[in-house]
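Structure first, then comments.
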Amino acid sequence: MTAILERRESTSLWGRFCNWITSTENRLYIGWFGVLMIPTLLTATSVFIIAFIAAPPVDIDGIREPVSGSLLYGNNIISGAIIPTSAAIGLHFYPIWEAASVDEWLYNGGPYELIVLHFLLGVACYMGREWELSFRLGMRPWIAVAYSAPVAAATAVFLIYPIGQGSFSDGMPLGISGTFNFMIVFQAEHNILMHPFHMLGVAGVFGGSLFSAMHGSLVTSSLIRETTENESANEGYRFGQEEETYNIVAAHGYFGRLIFQYASFNNSRSLHFFLAAWPVVGIWFTALGISTMAFNLNGFNFNQSVVDSQGRVINTWADIINRANLGMEVMHERNAHNFPLDLASVEAPSING
């Protein structure tokens, strides 16, 4: 009998670190993208919590009229927000060391830029980490591709839109009421409800919710019975078991009779591809729509498109929406503008008869 002894090669500290970072045996996979993701998301989260609680008012419009957003300055969970960086800063990179003091940095909304840039870097790295773990496990890359939809949406409202409008002050505030304010002002200035890419996004989100509910209810309703009629069907299964617990043929037959034969899937892979692709493609289109409207390529304008034989306007829903848009635009940033852009750009009517 011959014993073969091999000398174990001593791994350097860097080598052990690399093995630990890329190990799929860890309880939570870190990965090289995680090395950047963890500090950026921790920074964004920490600054968000501190600023949401205690940040002083921010001069968002750059006109020396600070807006309060934190809890300690009179807000609640609904009205509170991280106020976007001041219009006086524009698109300038504004870290703490660029300000004369921390007070000035806070007054100009420095925390918003810090949170947004770290957050976007962090979620992009999370997407890369999904791909990295899939790669190391020999999986296909579509999980990261699906996650690219919310990443694209966040990038559109927090980065692309401010770039197109020329200032981080036009970015979406980080709060509940601030989000609604952003949506209302966006509609007023860009008529997003009349943009086909937004319509595709609505179809994607609502359709995805509908298909998810339909799929989940069908699967949980078409169990393969492993028990008798006298005991619960749940007794026939173990959590996490390898064997399938439902019959796709039965679900296909049920749904085919409920609507019509070709409205249901009899192939599990094509079904789940559809469930993933529908909302993802819809959200991609919405992000693309926000990114085009950032540069003022706005929704369709059908205002005053129907007139009678005398040339009088017959209002359509497009005119009703336009009237609402003008009202919203008049009311936002009241002290920063004398007139909304749509009204100020029209020639004054003749008054000499």
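Think of each number as a place in line: the chain as shown, counted from 1.
Keep in mind that glycine also has a Cβ here, set from the backbone N, Cα and C atoms.
For T2, the entry in Swiss-Prot reads N-acetylthreonine, with the evidence type sequence analysis.
DSSP classifies H118 (chlorophyll a ChlzD1 binding site) as helix under the three-state reduction. Around H118 (chlorophyll a ChlzD1 binding site), taking its Cβ as the centre, 20 other Cβ atoms fall within 10 Å, counting all chains. Here Swiss-Prot flags H118 as chlorophyll a ChlzD1 binding site, drawing on sequence analysis.
The pheophytin a binding site annotation in Swiss-Prot covers Y126. Within the same chain, the residues at least 6 positions away from Y126 (pheophytin a binding site) whose Cβ sits under 8 Å from its Cβ are F33, M37, L41, Y147, listed in sequence order. Taken residue by residue with DSSP, Y126 (pheophytin a binding site) is part of a helix.
The C-beta environment of Y161 (site 'Tyrosine radical intermediate'), restricted to residues of the same chain at least 6 apart in sequence and closer than 8 Å, consists of D170, G171, M172, I290, S291, M293, A294. For Y161, the entry in Swiss-Prot reads site 'Tyrosine radical intermediate'.
Per Swiss-Prot, [CaMn4O5] cluster binding site is recorded for D170, E189, H332, E333, D342, A344, and the stated evidence type is sequence analysis. All protein chains shown were included, and the count of other CB atoms within 10 Å of the CB of E333 ([CaMn4O5] cluster binding site) stands at 16.
According to DSSP, H190 (site 'Stabilizes free radical intermediate') is assigned to a helical segment. Listed in sequence order, the residues of the same chain lying 6 or more apart from H190 (site 'Stabilizes free radical intermediate') and placing their CB within less than 8 Å of its CB are M293, N296, N298, G299. What Swiss-Prot records for H190 is site 'Stabilizes free radical intermediate', and it gives sequence analysis as the kind of evidence.
The feature chlorophyll a PD1 binding site is assigned by Swiss-Prot to H198. Sequence-distant neighbours of H198 (chlorophyll a PD1 binding site) (same chain, 6+ apart, CB under 8 A from its CB) are I192, T286, G289, G299.
The annotation quinone binding site is assigned in Swiss-Prot to H215, S264, F265 on the grounds of sequence analysis. Following the DSSP three-state reduction, the secondary structure of F265 (quinone binding site) is coil. With a cut-off of 8 Å between CB atoms and residues at least 6 apart in sequence, the same chain places I248, H252, L271, F274 near F265 (quinone binding site), listed in sequence order.
As annotated by Swiss-Prot, Fe cation binding site applies to H215, H272. The Cβ of H215 (quinone binding site) has 17 other Cβ atoms within 10 Å, all protein chains considered. DSSP assigns H215 (quinone binding site) to a helix.
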Could you give the Cα-Cα distance between E333 ([CaMn4O5] cluster binding site) and H118 (chlorophyll a ChlzD1 binding site), in whole Å?
28
Please report the Cα separation of H332 ([CaMn4O5] cluster binding site) and H118 (chlorophyll a ChlzD1 binding site) in Å, rounded to an integer.
29
Protein Cβ atoms within 10 Å of D170 ([CaMn4O5] cluster binding site), excluding its own
22
Rounded to a whole number of Å, the separation of the Cα atoms of E189 ([CaMn4O5] cluster binding site) and S264 (quinone binding site) comes to 42
Conformational class of H198 (chlorophyll a PD1 binding site) under the three-state DSSP mapping
helix
